[in-house]
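Q: One structure, pasted below without further comment.
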Amino acid sequence: MASVKSRVFAITGGASGIGAATSRLLAERGATAVCVGDISCKNFDELKESMKKINPATEVHCSLLDVTSPTEVEKWVKSIVAKFGNLHGAANIAGIAQGAGLRNSPTILEEGDEEWSKVLKVNLDGVFYCTRAEVRAMKSLPSDDRSIVNVGSIAALSHIPDVYAYGTSKGASTYFTTCVAADTFPFGIRVNSVSPGITDTPLLPQFIPKAKTSDEVKEVYRKEGFSVVKAGDVARTIVWLLSEDSSPVYGANINVGASMP
């Protein structure tokens, strides 16, 4: 079992889906504190209550956070260190989807400027802002095993002739993560990526907008050769990378589920 006991973590996009599963698993494994930043406060109360039942000793702090704002991100990370005096690990999970099957071929001609900018702003710029703030905070703390995990996607590998912004954002995020890993490892900060396959989360239907039900979405992917994994499957990999058990792994990109159909 990956050890995260008595450690402090920051999770973006932590109020639902993979983020919530990661937050709950950290509590289950004995984390001292889990600090969640999310663009929506809708699930905060439910998350806090569920984590309290899992482990009353884990402190849970939920904050509204827009990862596209470097000012907000820096302030949020600083507030965690100010409150707990430490930051052992961070998982940058916040992201948005892009719907497939909505464009006529050649699909590149229908990839809009606004959508392109929006997706890259959250999925790439957000990862950059968060990683930078976390490295800044961790470097100023006493030497310890510290870990950052950025969540990518198999979309970065599958070369789909559609949803260009999403695939590009995830591919660039994974490349960025590998480069940062080489930069920060000498300072005791490990940085890695996790690239989930098709994952059963509230975000899943947004990838196939024409589907009428979640089951229909899953069936579309199954017919294309993809397995469907659960948020908890991805969370276990993230928590392992956040834990001391994964040391000295850095610069890795771990696929969860099929990397390619």
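Glycine residues also receive a Cβ, built from the backbone N, Cα and C atoms like all the rest.
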Q: Looking at Swiss-Prot, which one out of Thr201, Thr213, Thr237 binds NADP(+) in the same site as Ile18, Lys48, Asp66, Arg132, Tyr166, Lys170?
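A: That NADP(+) site, as Swiss-Prot gives it, pairs Ile18, Lys48, Asp66, Arg132, Tyr166, Lys170 with Thr201.
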Q: Here are some recorded positions: Lys48, Arg132, Lys170. Which one has the most Cβ atoms within 10 Å of its Cβ?
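A: Answer returned by the neighbour count: Lys170.
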Q: Going by DSSP, is Ile18 (NADP(+) binding site) part of a helix, a strand, or coil?
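A: Reduced to three states, the DSSP call for Ile18 (NADP(+) binding site) is helix.
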Q: Can you tell me the three-state DSSP label for Tyr166 (active site, proton acceptor)?
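A: The three-state answer is helix.
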Q: Return the count of C-beta atoms lying within 10 angstroms of the C-beta of Thr201 (NADP(+) binding site), excluding that atom itself.
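A: Neighbour count, Cβ to Cβ under the 10 Å cut-off: 21.
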